[in-house]
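As annotated by TrEMBL, domain 'Helicase ATP-binding' applies to 210-377. Feature annotation from TrEMBL assigns Zn(2+) 1 binding site to C436, C439, C476, C479. Feature annotation from TrEMBL assigns Zn(2+) 2 binding site to C445, C448, C463, C466.
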Amino acid sequence: MSTARIVRIALPLPKPRLFDYLCEQGAGLSVGLCARVPFGPGEKTGVIVALDPADAPPRDKLRPVREVLRELPPLPASWLALAEFAARYYQHPLGEVISTALPPGIRRAARLPREDDPILAATAAGRTALAASKRLTRALAAVSLVASAGPMRRGAMLTQLGGLPGAASEGLRDARNKGWLEVVAAASDITAFDVMSLNSEQAEAVAAVEAELGRFASFLLFGITGSGKTEVYLQLIAKTLARGQSALMLVPEIGLTPQLLERVAGRFPGARIVALHSGLADGARSRGFVQALQGEVDIVLGTRLSVFVPLARLGLIVVDEEHDASFKQQEGLRYSARDLAVWRARNESLPIVLGSATPSLETWLHADAGRYTRLTMGRRAVAESPPDTRIVDTRRIKLDQGLSPRLVAAIGARLERGEQSLIFLNRRGYAPVVACPSCDWISACEHCSANMVFHQADAILRCHHCGAESKVPRSCPTCGSHDVHAFGRGTQRLEERIGEYFPAARILRVDRDAIKTPAQWEVVRDQISAGEVDILVGTQMLAKGHDFPRLTLVGIVGADASLYSSDYRAPERLFQQLMQVAGRAGRAELPGEVLIQTGFAEHPLFLKLVGQDFPGFAAMQLAERRQAGFPPYSFHAVLRAEADALEQAMGFLAQAREQALAMNAPVRLFDPVPMRLVRRARLERAQLLVEADSRPALQGMLNNWTMVLHDMRVPRGVRWHLDVDPADL
Ligand code: ADP
Ligand code: ZN
Ligand code: ZN
């Protein structure tokens, strides 16, 4: 009897369909296995989602599977369920969800030999050699690490030893060859290490979550910066590992720092830890994925795509800085990793902790409604007073390049005391452009409806939307005047002006133009920590993540542009950003001061900021949103279209709207409108907003509409996509 079976496979393709193949060696097949199949002239690797489906075509019409990757365990049903949910919820082809979720090199990674990651300890010989030596060689550095910190996994040792990856592993190998290190116990023997005793707020938070281990529960850990949220996560992870389970911790793009990795690796020297982010090479990403699937990983620490890692024995999910915009993917499968994480936690019956000092209003409302348990931590873990926050009313004073005399004086005082200042510029609306005052010519981008931004360092104009570059014209292209120059207070101009006030100060600009790679950022952070900088000038990059103990002044400049933005989320984002940046002031023994320069001194947003009153701000914003019928009191999806000409995009949307109207669904269909940034990279863009009073109403409508849209004749050159729960309108 033949064992041949029909397999239905989800392939990584942008098509809303699955593909059937014949598998001759059908014995032992199961859903969730990966398979390599012929596709067109080439081949693809996908996931088996069904066996012998009733509606398959006759067997003789099917092409044979090339290979089933049997060395990989099948992806668990829960993983497929997550992918299917994402496909359904975000109205996206399952194949494309799978191509987002499945790392591209999985086939090769499945073949790799298992990595040797034993737990190592210092031998007596190692200790003797360490005591006798005058110089710390690489091998001795490895010995020294475990001699003081105790037995540790090889991977964790490499993280801690740092430096060039090759150098650390060479030193380790050397030490093992010399008999200075020995392999000790099994992974489960060692869980946590160097545990801090928790304060009462932390202890309550840990106890509340711990009580729910083993079943679904969602928590909002609302803790001010420095209140010890990370410590809470670590202790919860310890409790999860102690149950023989694994943990997933999602962090924002910018939050996955070597410091955090070291903190986790140092705490769990016996744990197998995988760090995943989009900057990783395919190989490394796949290896982490495969190891997790094989049950060889205890902790995954990663950015949004880690929500799809099939961790065996998953027992806890943590989403740190849950409000962070980087959890929402802005292209392809436009998913929210935070929202999928909550769904996953429910589906796999485990607790999830969403942590933030400034939660998203969606999450805050869930907590208000009792769907999430709110755990509040209002005190800093290391006792100190919150920064003294004050408003500098700029209506009655003359600003000098955006600087008030009060702020200048405050910077001067810091310089005298040898402390650091941070001048934070909210960049929105303040990027410098080149313009001609005689005829109003402005440096617009040829391809976008945006102005090109002036970059002084390389004296060019660059479009921040499409990347186009051009030289700064010597004379006005329209009227020929030679008086063209830069306007607007970019960070560069501000830096210059501060330099004129304080010629002896060491000033450092921190923005994406000055610092382009994580490695550069590392160097800069070390410089700041070492006190080699007096004044920092910068944007968002400075808001997050690191303690600078000598930083005692934060000045906020140019925040007003966001107050009256047409984006209803702008105040929420501004508040989050300013709270975060204010939290940079005075985190150690030196008290901090925050000065907010504004022409809207009575604006409630600033008043709440001065009072460090996030709950007050959230209540106020939620009241406004409710009044206006905005999310989270309504539910949005946006259909966007782009084409060479705006009329084409608008025409397509109008047609799509007609189809939607005919469905008579309980949703509100707005008129198609050009997007705020109409032109990008030579394409004209428009969008159509769909609004509903409930998620099921929106989902029901979208399910039908998506099918119609896929069948609709789309004019050539028009491309469209749906964005469910869009981050910007
Ligand atoms: P958050 O993540 O809320 O910003 P962290 O967990 O990073 O806070 O803690 C801030 C600082 O306080 C860190 O230096 C941390 O080591 C320290 N810390 C946290 N919890 C405690 C505790 N229970 N006892 C002593 N120090 C603590
Ligand atoms: Zn452009
Ligand atoms: Zn001109």
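All positions are counted from 1 along the displayed chain.
Just so it is clear, glycine is given a Cβ too, placed from its N, Cα and C backbone atoms.
Those TrEMBL annotations? Automatic predictions, nothing curated.
A map of TrEMBL features onto the structure.
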| residue | record | DSSP class |
| --- | --- | --- |
| C436 | Zn(2+) 1 binding site | coil |
| C445 | Zn(2+) 2 binding site | coil |
| C463 | Zn(2+) 2 binding site | coil |
| C476 | Zn(2+) 1 binding site | coil |
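Comparing local CB density within 10 A for the binding-site residues C439, C445, C466, C476, the maximum falls on C445. Across the structure, C466 (Zn(2+) 2 binding site) and C436 (Zn(2+) 1 binding site) are spaced 23 Å apart at their Cα atoms. Shown are the binding-site residues C436, C448, C479; of these, the residue with the fewest other Cβ atoms within 10 Å is C479. Taken in sequence order, the binding-site residues C436, C439, C463, C476, C479 that lie near ligand 3, meaning a CB under 6 Å from one of its atoms, are C436, C439, C476, C479. A distance of 23 Å separates the Cα atom of C479 (Zn(2+) 1 binding site) from that of C463 (Zn(2+) 2 binding site).
The binding-site residues near ligand 2, defined by a Cβ under 6 Å from one of its atoms, are C463, chosen from C439, C463, C476, C479. Taking the Cα of C476 (Zn(2+) 1 binding site) as the reference point, the closest of the binding-site residues C445, C448, C463 is C445. Per-residue confidence over the domain 'Helicase ATP-binding' (210-377) averages out at a pLDDT of 93.
The Zn(2+) 1 site is set by C436, C439, C476, C479; from the centre of their CB atoms, other residues of the chain with a CB within 8 Å are P437, S438, D440, W441, P477, T478, G480, S481, D483, V484.
For C439 (Zn(2+) 1 binding site), the nearest neighbour among the binding-site residues C445, C448, C463, judged by Cα separation, is C445.
Put simply, C463 (Zn(2+) 2 binding site) is 18 Å from C436 (Zn(2+) 1 binding site) when counted between their Cα atoms. Taking the Cβ of C463 (Zn(2+) 2 binding site) as centre and 10 Å as the limit, one finds 21 other Cβ atoms among all the protein chains shown.
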